[in-house]
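Residues or ranges marked as heme b binding site by TrEMBL: H169, H205, H238, H274. The domain 'DOMON' annotation in TrEMBL covers 10-124. The feature domain 'Cytochrome b561' is assigned by TrEMBL to 131-329. Marked as transmembrane segment by TrEMBL: 171-190, 202-222, 243-260, 272-293, 305-328.
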Amino acid sequence: SFMQCQSLSQGATIAWTFIAENRTLEIAFSGSLPSASGWVGWGYNPSRAGMDGASALIAFSNASGSHLMLYSLTGSRQAILRNSTTDVTVLAQAVEIQGTTARFTALLRLTSPSSNIFHIWNRGSQVNGDAPQAHALDQASTSSAGSLDLATGAASSAGIPRLHLRNAHGILNAIGWGILLPIGAMSARYLRSFEWADPTWFYLHVACQTLGYILGVVGWAIGLRLGSDSVGVRYNTHRNIGITMFVFGTLQVFAIVLRPNKTHSYRTFWNAYHHGIGYATIALAIANIFKGFDILDPAKGWKNAYIGIIIALGVVALILEAVTWAIYFQRR
């Protein structure tokens, strides 16, 4: 029997007995594997919330039987996990896996002088040899962490990273970079062909681009915060595209300030620069938004809604493209 127990997310449970005098912790953990070839694990971090620096016991089965191995985590999704020594001493252990249900017990000697620890738990669908592969990035998988007082049983959640910031990052960037910027570009390209729209098209263009840039920069800044809070977790392509978009968007702001008048000899070069950077920013934004969908893994409705908006904007652009060319040839 154990002195404390707690139900965790992902259908996992943990029970434990902690003896402060000799710093030993006896645990019993149970969890559900996503597949028969998957893994489930529990980890302990003496100094911080999150994977980086944690020691984890991970259970899985293969042709040779059921296994429970100790791993030192770095937090990087690119790192290959290998069975290794950590600052936790395993005095005894046992594991049982039946179907997709795993149960294991372990007697550990901890190095931390405090009874307050950070712990993590998770599961994945694949193990290559003895190397567990990365877990999913859905809400349950990225928030399976918390703090635990081993002596009293007091617990608190500590999602990694915070869900509301992730949602704000995605929504602001999708609206700012991915919707308002394309609408602003369309207003400049197509509405100027209609005499009744002059100078309304210009004010609409500036308004959409300005608001889109502001929302996008706020979303970008939240992304930087999420990156700094998620120690060891890297999405380099998504991050680098985001930085490039910010640079291009900022260049567009300066381009408006430095715009030469229509009769200036540099106006042709300015137009080419402004259009090129603008279209490049929009293309990068749409690509990065879909990259973000893959990372955040929200409900399919969000991705489908954005796809619908992009398709609608594309159809409108095709229609207006045909109309503006017709007006051009008519005026000739």
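Glycine residues also receive a Cβ, built from the backbone N, Cα and C atoms like all the rest.
Please treat TrEMBL annotations as automatic predictions, because they have not gone through curation.
Distant neighbours of the transmembrane segment (305-328): 174, 178-179, 182-183, 186, 189-190, 193-194, 286, 289, 293; these residues of the same chain sit at least 6 beyond its ends, with a Cβ under 8 Å from one of its Cβ atoms. Residue pairs drawn from H169, H205, H238, H274, the listed heme b binders, are separated by up to 27 Å at the Cα level.
Counting every protein chain shown, 23 other Cβ atoms lie within 10 Å of the Cβ of H169 (heme b binding site). Under DSSP, H274 (heme b binding site) is assigned to a helix (H, G or I) in the three-state scheme.
The Cβ of H205 (heme b binding site) has G184, A185, S187, A188 as same-chain neighbours under 8 Å, each 6 or more residues away in sequence. Neighbour density for H238 (heme b binding site): within 10 A of its CB lie 18 other CB atoms from the protein chains shown. Sequence-distant contacts (6 or more apart, same chain, Cβ under 8 Å) of H274 (heme b binding site) comprise Q252, A255, R259.
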